[in-house]
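Record features (TrEMBL):
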COMPBIAS  426-454  compositional bias 'Basic and acidic residues'
DOMAIN    55-82  domain 'Heavy metal binding'
DOMAIN    168-217  domain 'CusB-like three alpha-helical bundle'
DOMAIN    255-328  domain 'CusB-like beta-barrel'
DOMAIN    339-402  domain 'CzcB-like C-terminal circularly permuted SH3-like'
DOMAIN    472-562  domain 'DUF3347'
REGION    414-457  region 'Disordered'
Amino acid sequence: MKKEFNYKQTGKIAGILLVGFFLGWLFFGGSAGEKATNVEQHVEETHTDEEGNIVYTCSMHPRIRQNEPGNCPICGMELIPVDQAEEQAETVFTMTEAAVKLAQIQTSTVERRIPEMEIRLPGRVAADERRVSSITAQFPGRIEELFVDFKGTYVEEGEKLATIYSPELISAQQELLEAARNKQTNPGLYESTLRKLRFWGLPESEIQRIESSGEVSDTLPIVATRSGYVTQKNVDARDYVDEGSVMYKVADFSTLWVLFDAYETDIGAIDQGDTVNFTVRSYPGKSFEAEITYVDPFIDPQTRTARVRGEVDNTGGTLMPDMLARGIVSGTADHGEKLMVPQSAVMWTGKRSIVFVKQPDSEVPSFEPRLVTLGQRAGDYYVIEEGVEEGEEVVTHGNFKLDSAAQLADNLSMMNREPGSGANRAGHDHSGMEERRIQQEEDHSEHTDNRSEIRGVNAEVPQEFRNQLRQIVSEYLDLKDALVEDSNPGEVSNQAERFLSQLDHADMSLSKKKPHDRWMELHEKLRRGAEQIAGYNALKTQRKAFFLLSEVLVESVREFSIDGILYYQFCPMAFGEEGAYWLSEEKEISNPYLGKKMPSCGEIIEEITI
């Protein structure tokens, strides 16, 4: 049977074929080269690879590539499509809100302000040396009677302190009487005998009494030459004294000195005439003012400090010599307003340092490491000469984490001024460490007996770096000794301030690459521990903070080394038998946690020989 031809169905098929040929020409028309180029552009624009898969990466670790969404195996950040990351500048980090919270990122605005220096100075109150007088024996003799027989007595100028018997003085009185009878014929001899008695310190009234009465006194008074407090008493009744012997010292405390120690980096901002505001432990909340009247013209080679002397009025007698003081010198460091950022925003590497700038108008948090030229440091701020603009936001907390990530990504960082060179990638695969560092930074429970993951670091730092670490350890040992002696919390706080000052003046640029990164981490922990000690008002809490400080310092000494021998010691009784460790330069145990109660409790765990 003959099939009937279906024209209607044939027409539909032909129409479909024509439409197909037209679409094929529309999408794939042109040369083969043009076709390949269009395909590549299409793949890139749709975030896919040649097989059509979307490629995801980490903005902080761009070497990570995955074909499906998820979290970065290094830092835990959410992965984003490749071209979305490339839309940012090459040096910009893009983070999720969760990652920003995890890294504890905080920012501040770049602003113009007048630079104000605020230099913190540890010191102590002292007697004004110009207001201290020595009462000396002008002639040899024997002390017959004491009228002031203990230190601390207040005396008025001219007040009788003691009487003295002296054959030489009796002879001089007789010479005066003889010369007085013949002064008309021999006035020169008369004047000579008067000068002799005056030189020996006899009051004018006593000389007139002898001359008018014609009688010689067996004893003569020793009187105070100024009003003040007796600070030394070196004689007792019936003592023999030689000419020139110091019998008493009397000091006027109506004006006192306050002696501060200023580091050489701060001396340039301190001038005579500046005002120092200071506090003492005896009067919490009360501030005193002293005017700087003298700055040492030399630096102590051991402490790298210069002595700064202030004068304070003490008419009311509130202050006492040897009180410990904490001073602050404030002043304008430069004229006019300057572009400034908080000190915590600066990743300090010298004149040219790095800040992380938050990108404005970005859909997701983005940060760019940027080189800046530093001006003078003014208190908690740095003057910025070049590199940022007013109104931009800079990272003030969490920037060390960003810098670590920048190093791993071969990006602009403290240790890498040539991003993309690959110089920092070798030996820097810290896979899995970044997340732990962020999450465990506050955890000090891990014992330092588990040796550091960094080995051989001491071979990579110069001797100058070790020398400055030695100075930091010296301040730590002084702090330890203050706790051993059960010193008052104010004295311990002052020593912690000295430790902080030494730590702040450490030159960060002396260490390079991996040692530098590690030192920055340890430096921050050391600062945190010392600030806690300085801020506490009780020995109990200061000792707990000292334990945390000790643990970090042990790591520092092991990794970077200093010349000499240190002893790592342990007390099992500290903190309710939890135990605590510390460093000492002596084998003999001197316990900083139990103090004078149990000073020898403890044992040597390790001898750290460098």
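Cβ from N, Cα, C; glycine included.
Counted over residue pairs separated by six or more positions, the domain 'CusB-like beta-barrel' (255-328) shares at least 3 Cβ pairs under 8 angstroms with the domain 'DUF3347' (472-562), which defines the two as touching. In the domain 'DUF3347' (472-562), the DSSP tally of helix, strand and coil residues is 77 helix, 0 strand, 14 coil. Each residue of the domain 'CusB-like three alpha-helical bundle' (168-217) gets a DSSP state, and the totals for helix, strand and coil are 37 helix, 0 strand, 13 coil. Across the domain 'CzcB-like C-terminal circularly permuted SH3-like' (339-402), DSSP classifies residues as 7 helix, 36 strand, 21 coil. Within the model, the domain 'CzcB-like C-terminal circularly permuted SH3-like' (339-402) carries an average pLDDT of 85.
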